[in-house]
């Protein structure tokens, strides 16, 4: 079958995906697996220090491999040794480590004293992209380099004019939509090169994998950006992009769009434990809506040496190196300690997770980034507080129950505010879930209402 | 009748309050800070603001004592507010340092009775270039602030309070010509330069930093020339060197040219219209260079 390609929304900044870009995305799980969360999204790890960048692009492409093609504008020429095929588990781990998380706390018996314990969970995933073939000089297209890495045939193109590039792509089986011409022309004038990849079926079968592995590219350029414009051309509605930026100095933010923090720290009704993906999706949408429906949200920013609470262990030295963190000190391969709470380790790597929701209209310009010296830790973290449900036999129990009921009102209010859900519906969901319901308070002697006057005059 | 009289009296008081552009600027900058805090989730601990304001006021007070000049808190206050708006840091020490450096530059780096650098710009650039823990966030204001900002700024222009509106508008004009020109050359949709012009940081810079009457050239022609220069240098830094804070860096780079521009196109030196005093009486600034502004 001849390659028949279509630009699609699939790969946020790369692009040229084929017709059916089925994206798998597994969402943030709280205990159970499986819900699709942000279903048209891309995942990119960006390692940046000085002018050096290592970009790793996740590839969850699930369609016909003959139709896979990817074109990414890159700031400089790229040679064979600058391209690396990475392990998909790395981005999954990075994603899990930085994912928004739920924390649970359990109240103790108000009639007996204290200990605390926490638990949490989460995870995420994403994306797709696509590729090309050749002819040349007469079209003003130069194949700067051409090589096979892993399961990919890669070409690095430079072009003098967009028409030639369009023709070249077209002759090689890409159906590039009309609008692409202008955008390609703009990139050509900005002296960008084009990184084009497609699957080498022979090599692919040798790997024995069902899936395509991520491509990592290392280059040096003062430009710290992600080209998203091509990806928005044929986009059907909004797209989600996850950027995991790893730096030495601190947080990464966008310079041409406002980076905001995702709401965090709220206490929520405990039934959310089984609805965390729904909750998070609604909360994200509501936050974005308050800013016009789109935006750049920081979901996580943390020193890679530790976490608290940990959604997953911090990445090991080997994993970081594989992702392209090149400034790790030469050390004697100390393994990272495993466990639920990792104590600070001098990794000298700061990770920022940005969740960008965009469309062509609200994000006309490519994303530009900047590393700041801000080492403040931040995480999207939501709290569930379980009331003590056991038998309570003491005076304090009534006060405790009143306090818990009040707390539950607040939790529902907070949830409604974060997600724009209707409060009455939340209460009925709580009722349905059967967890975290309000206490029915019975007062001594069977009369209703509070008994504060008893404290004044005594209980006679 | 009575009502009319009352209104007039109020109007008079308001007019007096805003007779000096610095009062207007202080109220606008403070509103922007509040907007940043409550609407844009700007992370700005109060002690940073207090530290920075305290640092600029103290430095100015001490310096005025030394050179025996009446102290006016408004200029250092404007410097402090601008720093607070544009400089991001997690360290209160750096906030204080920025304030001290900003005001000190006014007294130490002078040429023919005029200070060279815009104090807040000087503090901002010096700190962010020297310390990793201080930085400029050009994206922090996003685009949505545009209308509010324009309203405030244009309000200033219309009421004639922003005495150096010519430099603000020509800066934006030149900058717009450059980004629109670039878009046309690249074949980009106009949405891109429009987006670039909507940068809150650019607008704050144009209306509240470069417009400082004391550090801009004295003549109108000189100011327009200067604005063109800053816009071109800023544009180049932003799009050729890929530094998003280009325009802010451009001001510090171009500031040393102001004495030359003044030499070529001389004109009367700007004086603040009112002297600060606790009584309500307005006094015209006394002799040459009595009061030194921040912005």
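The backbone N, Cα and C atoms fix where each Cβ goes, glycine too.
Nobody curates TrEMBL annotations by hand; they come from automatic prediction.
Because the structure is a prediction, the values reported are computed rather than measured.
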Annotated stretch (transmembrane segment, per TrEMBL) among the listed ranges B:23-42, B:43-62: B:23-42
Task: Quick one: sort out which of B:116-135, B:216-235 is the transmembrane segment according to TrEMBL.
output: B:116-135
Query: Out of B:1-20, B:141-160, which range is noted as transmembrane segment by TrEMBL?
result: B:141-160
Task: When you get a sec, could you say which of B:191-210, B:271-290 is annotated transmembrane segment by TrEMBL?
output: B:191-210
Field: Contact yes or no, the transmembrane segment (B:116-135) and the transmembrane segment (B:247-265), 3+ Cβ pairs under 8 Å, gap 6+
entry: yes
- request: Please figure out which one of B:77-104, B:167-185, B:191-210, B:247-265 racks up the most CB pairs under 8 Å against the transmembrane segment (B:23-42).
  value: B:77-104
